[in-house]
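> The structure follows.
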């Protein structure tokens with residue numbers, strides 16, 4: 001009621017500005033974004049097709065890679081079609097429910113991809129440290145259960161955000177200077193206290209992505225320790241090569257996100273349109289390059 005006393009309105013429709021101050025360049029900016037998005041769809045779609053149709057690739061590593069490719073397709077699709085609609089057709093309007101749905105799937109599939117990268121690190125650990133028991137440990141049944149657990153964790157942690165946002169009264173403004181919706185970016189336009197949103201967002205980050213990064217680091221510490229105990233130099237080189245593609249994908253996934261957070265926190269002198277461009281790039285670079293990396297590094301693919 002306090003929110004209504006201030007303004008008397010509660011916005012249920014918002015307008016995404018795209019890239020403020022660069023409206024004249026929207027068409028030109030959309031070209032590399034479209035190319036990247038198409039490459040992401042085709043590359044990951046082809047990767048899924050190859051893995052599912054080749055029985056020789058029905059091994060744990062490739063099945064996890066198939067999950068990663070599927071998540072990449074959805075992750076890129078959560079934001080880019082709307083961004084392209086803004087750039088091409090000036091279609092800026094988005095309802096509150098659509099905005100919440102977009103950020104829900106964006107965040108949940110980001111956490112899903114983080115979880116899959118963690119499982120792939122565990123897969124590499126088993127393959128190098130327990131090669132003779134590899135297929136016995138990672139059975140198809142266990143892989144399926146792991147996949148379900150990864151997606152359940154992501155959706156269960158993000159689901160409360162729907163209610164945390166729906167409880168708010170949006171009366172400050174309904175103009176979002178961005179190409180897509182995100183949790184705190186939307187919540188800050190509410191007239192209510194959003195501290196619970198901020199703290200819950202921090203809890204989700206720490207309990208999923210940060211925890212995954214720590215566990216991936218621990219996994220690779222154990223992997224490197226095992227590799228350098230291998231007496232054969234050829235076997236050591238082969239083990240490092242097996243991990244190389246996964247490490248590249250990890251850097252591509254977490255690197256742009258970390259860089260974006262740092263620029264938002266410490267780069268206050270950086271123009272807003274640069275932050276928005278970086279956000280769009282960080283959403284597209286991993287899905288676009290992951291199939292290329294695995295296609296080049298893994299001979300079977």
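In case you wondered, yes, glycine gets a Cβ from its N, Cα and C as well.
As annotated in TrEMBL:
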DOMAIN    43-294  domain 'G-protein coupled receptors family 1 profile'
TRANSMEM  25-50  transmembrane segment
TRANSMEM  62-89  transmembrane segment
TRANSMEM  109-130  transmembrane segment
TRANSMEM  142-165  transmembrane segment
TRANSMEM  198-227  transmembrane segment
TRANSMEM  239-262  transmembrane segment
TRANSMEM  274-296  transmembrane segment
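Locate each feature and note its surroundings.
Sequence-distant contacts of the transmembrane segment (25-50) (same chain, at least 6 residues past either end, Cβ-Cβ under 8 Å): 18-19, 57, 65-66, 69-70, 72-73, 76-77, 80, 83-84, 86-88, 277, 280, 284-285, 287-288, 290-292, 294-295, 301.
Within the same chain, residues 16-18, 26-27, 29-30, 33-34, 37, 40-41, 44-45, 47-48, 51-52, 102, 105-106, 109-110, 112-113, 116-117, 119-120, 123, 140, 143, 147, 150, 179-180, 249, 280, 283-284, 286-288, 290-291, 294, 300-301 sit at least 6 positions outside the transmembrane segment (62-89) and bring their C-beta atoms closer than 8 Å to a C-beta of that stretch.
Residues 68, 113-114, 117, 120-121, 124, 127-128, 209, 213, 216, 220, 223, 226-227, 230, 275, 278-279, 281-282, 285-286, 289-290, 293-294, 297-298 of the same chain sit 6 or more residues outside the transmembrane segment (239-262) yet have a Cβ under 8 Å from a Cβ within it.
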